[in-house]
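Below: one structure, written as structure tokens.
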Amino acid sequence: MEPSITILLFAFTKLASSLYYEGSGHSYGEIQSNEVYVEPRPLGPLLNYRAPRWCYDLHISDGEATCYSPLGGSYRSSLGTRCRLSCDQGFRLIGQNSVQCLSNRRWSGIGHCRRIQCHVLPPIFYGSYQCSAGVSEGSRCDYSCAPGYVVEGDRSRICMEDGQWSGGEPVCVDLDPPKIQCPVSRMKVAEPEKLTARIFWGNPKVKDSADGVITRVFLRGPEPGSELPEGEHVIRYTAYDRAHNRASCKFIVKVQVRRCPDLTPPLHGYITCTAAGNNYGATCEYHCEGGYERQGPAARVCQFSQNWAGTPATCTPMLINVNVNSAAGFIDQFFEKQRLLFISSPSSSDRYYRMQTTALQSASCGLEQRHVLLVELVGESPREVGRVRNQQLSKELIEELRQALHISRSYFNMVLIDKHGVDRDRYMDPTTSEDIFLFIDTYLLSPRELSQVELNKENCE
């Protein structure tokens, strides 16, 4: 009996297996009878390694499944087939990267491809960026900055396979210095009788190429409107923006002094000049030594053309006119030319007179330097004598001078007259030349005359 049961079970199993669709796990036909019967419980699918389609065909969107089957390369879903999953460029695999067709007609795992995307890049201050493919994998974003700014950091970033951007976030910084333009260089002629010129100029033109804000502008050199001496002067301006970038410019201010040729002093004379002596507007005056008088212009002016106005003056021996009828006529010829020292004595043998004339003869050089002319009135009428240098005065002129200047003939006395004909001092006793010179230097000489006396002092020693 046992052999017959075994044969019956094998036949039943064979019949049951023929009712299944290979590879699906479901019945191919439908039972039309409503008869209730007990179906024997299957022990499990029969493993068939030769079935070409054991699991469903494996497809992956935006990717590829590379499979290896025990039956050969043309079998992609047979039992035991192993498949390696991969994604196209720009996609990332989610799930298992390797699956196997199992005995339960299912794959050992699942996987799908998701597009790789990076996060949206944040905006950049004072700049922008342009991306080749948005936020997709492989997209390249290039940064640029507004005018006046430059990129500091990574200029480009790429969306990587891991969904992250390469590099770091750059910034736009102001490294561009401001633009500055100085006034043009200039030249000015010094003002008349001056060695300087007052020069004005405007402010430099400054602009920041970034945000337009200039924080500081420094001047190195004189201020506009300064009184500048002769020569070239470099004026430099430096501007700073808010990022502490700086730019400088410079220009030159030149002061020119126009000069005339140096004048030659006349023989027996000298020249005094204002300012520098030969610059534009300077005035040079001609002066003669004692006993000489000027012939020609008293002064010459240096003109803008760098030529002297007028002609040179000369110094000639002073001509004294004694043929005048009045004291005023005699004194007027020395106006602003000579000082007069009158010596009166009742006799040429007078002791005071002899002492005084001896002292003055040894001081004749000092008298000439101080433009002092000695006039002698000696004796009593009718034998009275008057002389200046080697010229004799008439008796009428002697009397006129005594009356006009209140000079007594009865005793020794001296009267000092300045260049304007004014009685400045009187002496009743003989006086040393040093005392006379001290008075003249203190009260009668101009600063110019005094400096000339000091300059030529050694000539009288």
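Positions of Cβ are set from backbone N, Cα and C atoms, glycine also.
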Record TrEMBL, residue Cys145, disulfide partner from Cys101, Cys113, Cys172, Cys182: Cys172
Second cysteine of the disulfide that TrEMBL assigns to Cys288, among Cys273, Cys302, Cys315: Cys315
Euclidean distance between Cα atoms of Cys288 (disulfide bond) and Cys172 (disulfide bond), Å: 82
Confidence summary for the domain 'Sushi' (116-174), mean pLDDT rounded: 92
Pairwise Cα distance for Cys288 (disulfide bond)/Cys145 (disulfide bond) [Å, integer]: 82
